[in-house]
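A quick write-up on the structure given underneath.
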Amino acid sequence: MSNTRVHNPSASILSDFKEITKMRLAISVVFSSVAGYFLGADTIDFVTVTLLAIGGYLMVGASNAYNQIIERNLDALMDRTKNRPLPAGRMSVPVAFTIASAFTVLGLVVLYVINPKTAMFGAISIFLYVSIYTPLKTKTPLSVFVGAFPGAIPFMLGWVAASGSFSIEPGTLFMIQFFWQFPHFWAIGWWLFDDYKKGGFFMLPTGKRDRGTAIQIILYTCWTILVSLIPVFGVTGKLMLTPVSGIIIFLLGLGMLYYAIRLFKEKTAEAAKKLMFASVSYITLLQIVYVLDKFIREWI
């Protein structure tokens, strides 16, 4: 029996489409937006939820496609990214640009159907990510600070979609995800430091895998935990958190802090990788706890 594998062009095209839009990342961003919507909605409108998910996915996919167009030559230098559709030559720039442009237009239209402010914040996010954050990545470690702004929008975007306005509640959600960006992306920058160096990317605050970077990771992890607990004290409007849920969030934060301290002690790529996964677990579980806390308070 022959072991020859038949090449499936359709499967290859679909795979490249998923990669140029970073489907898995887009889905995680949609999760944040939907969580924010559940927190801000007085009654759940599943049509709005669907529009938010579709619009959010399209905007994130567009940002990722534009990013890969801009960085295609640098991606070719790094082991992690050299097999992406553009540097590998499986997709042309015009095709990628067409995908990005179509996603942008469709995404903005879908978000505008929800309400104008949701579309406005979606547009701000894609502009900051593509036009400012992406070019800065090869110029200064401050790119992480700039990138934290569009990166923090999805969680608050859901609340804006539910309420049609920006106030202290979505502002708090924004701050939680804003501070979280720093330990998360610095952990990635430490873990993949050698590969990023090949592409000329500046990801760590000191530019090195050193004590200074590790200390800043610990500090921003602490800030993330503290900001996450503010709703417990009843000072963030309709966004509230019961003491029990606050304790759960605090314990989750201690778990993330544990891995940040381990990175400080070990200063290894493996420790950074573990912190990266811990940070993803933290923000995901935090959003779940926030949503469950709201629903339980309403049911009791």
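Including glycine, each Cβ sits where the backbone N, Cα and C put it.
Annotation comment: Swiss-Prot describes 20-40, 43-63, 94-114, 116-136, 142-162, 173-193, 215-235, 241-261, 276-296 as transmembrane segment.
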So which residues does the transmembrane segment (142-162) touch in its own chain, when a touch means Cβ under 8 Å and the partner is 6 or more beyond its ends?
29-30, 32-42, 48, 52, 56, 60, 63, 111, 114-115, 117-118, 121-122, 124-126, 128-129, 132-133, 136, 169-171, 173-178, 180-182, 185-186, 189, 202-203, 205, 239, 287
Kindly say whether the transmembrane segment (173-193) and the transmembrane segment (94-114) touch, using the definition of 3 or more Cβ pairs under 8 Å where each pair is 6 or more positions apart.
no
What else in the chain is close to the transmembrane segment (20-40), if you only count residues 6 or more beyond its ends and a Cβ gap under 8 Å?
48-49, 52-53, 56-57, 60-62, 64-65, 68, 84-86, 91, 96, 99, 103, 154-163, 169-170, 173, 177, 238-239, 280, 283-284, 287-288, 290-291, 294-295
